[in-house]
Number of protein chains: 2
Amino acid sequence: MASLTVPAEVPSVAEDCEQLRSAFKGWGTNEKLIISILAHRNAAQRKLIRQTYAETFGEDLLKEIGTGRNLTHDFEKLVLIWTLDPSERDAYLAKEATKRWTKSNFVLVEIACTRSPKELVLAREAYHARNKKSLEEDVAYHTTGDHRKLLVPLVSSYRYGGDEVDLRLAKAESKVLHEKISDKAYSDDEVIRILATRSKAQLNATLNHYKDEYGEDILKQLEDEDEFVALLRATIKGLVYPEHYFVEVLRDAINRRGTEEDHLSRVIATRAEVDLKTIANEYQKRDSIPLGRAIAKDTGGDYENMLVALLGQEEE
Amino acid sequence: MASLTVPAEVPSVAEDCEQLRSAFKGWGTNEKLIISILAHRNAAQRKLIRQTYAETFGEDLLKEIGTGRNLTHDFEKLVLIWTLDPSERDAYLAKEATKRWTKSNFVLVEIACTRSPKELVLAREAYHARNKKSLEEDVAYHTTGDHRKLLVPLVSSYRYGGDEVDLRLAKAESKVLHEKISDKAYSDDEVIRILATRSKAQLNATLNHYKDEYGEDILKQLEDEDEFVALLRATIKGLVYPEHYFVEVLRDAINRRGTEEDHLSRVIATRAEVDLKTIANEYQKRDSIPLGRAIAKDTGGDYENMLVALLGQEEE
């Protein structure tokens, strides 16, 4: 379930634009006003606001956000990625990830695995438009060996999105996975083929059969300290248990010494319109503290206010 | 340039449907009438005819074609694949290819490399709808080793489609290709990365630089008898010299003992609306015989008539 709240009576686009203009151009930026508008409009509404803003004032709303004199960096960046269209946002996040390697591989796995197949294709299309390159081109160019072998097919996939499941196949492929993972042959061709090409419904059936037949959870078998194994874990979680995956990213981001704002902002901005309410419920079950409170404890100011607004947990 | 000819005054869709109905349901199928209509309508018109036919007569036009009592197999199949929407047709051809392996790998390379990036994505979408599987899923499942290593990224690619070229990159990557190909390391990761991910414009620049710098044509270096090398040749030709690629397929199909109707029909049906006129000109330059005459010599009856109609070389 999404966490985004949109008022029953939304002001006209022209009105929203006027208000945003005054928020940027007044004496000091009016962050509260920015939040009260942008954090409560859905993707279609935000898109229209951006168009109308550009037509009315001859300036790109996103540039106004990016150059606001008094906006703090974390707040700015969160408003920016939130305001982007979902496919443009994914293209932006993926590009950031291909620029800085090491840990950012997770972002690529996240985009490749937790979006719907169609959303991933749209993100690749937006990537073309922004970067004059393809996503898989940049990923393949910047990686080698096992990382390339896993990441390129993941970001290139256009999985079947239906619910149909072939149980005979699930059985056969759970056997293959069990053999390979038990042998620690993590980057075996067959392991990557199965994870990179099968539909999410099919993979779910395969992993259920895995647990039933072998009495083990595949994720439990993937707890080596190895960086590639961690990517494989993220792949499986992202594909089959996306809410758990996001809860884990949020816990990591919040509980770290010094909050990892990039990860926190990314998850809140990308999921608010999708399943952030479900994720927040899972979070609370797991950590016995509401996600909103955990975030409020670790962040502050307008950044905190914007996160909490997207979580749908503002106090009126 | 396309070879398809559409009359200046096209009858109404309803009229076309009535005529087609009478062609199927009269005393013996009226092939001439079928050709005179379907071989002279563009994709949008054919789509509308299919819809209207289904609405009017409660039957799928393609089923009528497929079950026509008197239609010969080659004619039937050609009319069928021609009538399909281009993306559906590619999905159909790709599925045929994943069912029978050996030589049909070429069809997959052809679809992956000669279509525009967007057309390939639409073909993958149509593949989902027809097969409840993804194209890359079937390709990966049915291949192993080097073939999988090449074919899966080719069919999964969504290349950047713009004309921008990075000359420094072209230089660097032509060096990589030259080293690997000279060492006969045909299935090297880098060779496959470059061919499977770079835009067509970029690859063209890279291969031009290759020729200039090393005084050799990469295709001339890929003349081993090996099946994988042949696939690599087809990949490069399909991406950078598609007309030459199709001329070669046509020559092979026509000059073989017993024409290869599947290949002939596929090329004519998939290119008539795209570049078949250009291909026919190239063919004539190469073989000093008009493509229409070469086809007429080797085929006969309604099959010949339909091919020649799509070539735009009917006598009035």
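Glycine is treated like the rest: Cβ placed from N, Cα and C.
Quick look at what TrEMBL annotates:
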| type | residues | note |
| --- | --- | --- |
| BINDING | B:PHE24, B:GLY26, B:GLY28, B:ILE254, B:ARG256, B:GLY258, B:ALA296, B:THR299, B:GLU304 | Ca(2+) 1 binding site |
| BINDING | B:ASP298 | Ca(2+) 3 binding site |
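Taking the C-alpha positions, the distance from B:GLY28 (Ca(2+) 1 binding site) to B:ASP298 (Ca(2+) 3 binding site) comes to 25 Å. The number of other Cβ atoms within 10 Å of the Cβ belonging to B:PHE24 (Ca(2+) 1 binding site), over all protein chains shown, comes to 21. All chains included, 18 other C-beta atoms sit within 10 angstroms of the C-beta of the residue listed as 'Ca(2+) 3 binding site'. According to DSSP, B:GLY28 (Ca(2+) 1 binding site) sits in a coil region rather than a helix or strand. Counting every protein chain shown, the number of other Cβ atoms lying within 10 Å of the Cβ of B:ALA296 (Ca(2+) 1 binding site) is 16. According to DSSP, B:ASP298 (Ca(2+) 3 binding site) sits within a helical segment. Each residue contributes its Cα atom, and for B:PHE24 (Ca(2+) 1 binding site) and the residue listed as 'Ca(2+) 3 binding site' these two points are 27 Å apart. Residue environment of B:GLU304 (Ca(2+) 1 binding site) contains 17 other Cβ atoms, counted within 10 Å of its Cβ in all protein chains. Among the listed binding-site residues, namely B:GLY28, B:ARG256, the Cβ with the most fellow Cβ atoms inside 10 Å is that of B:ARG256.
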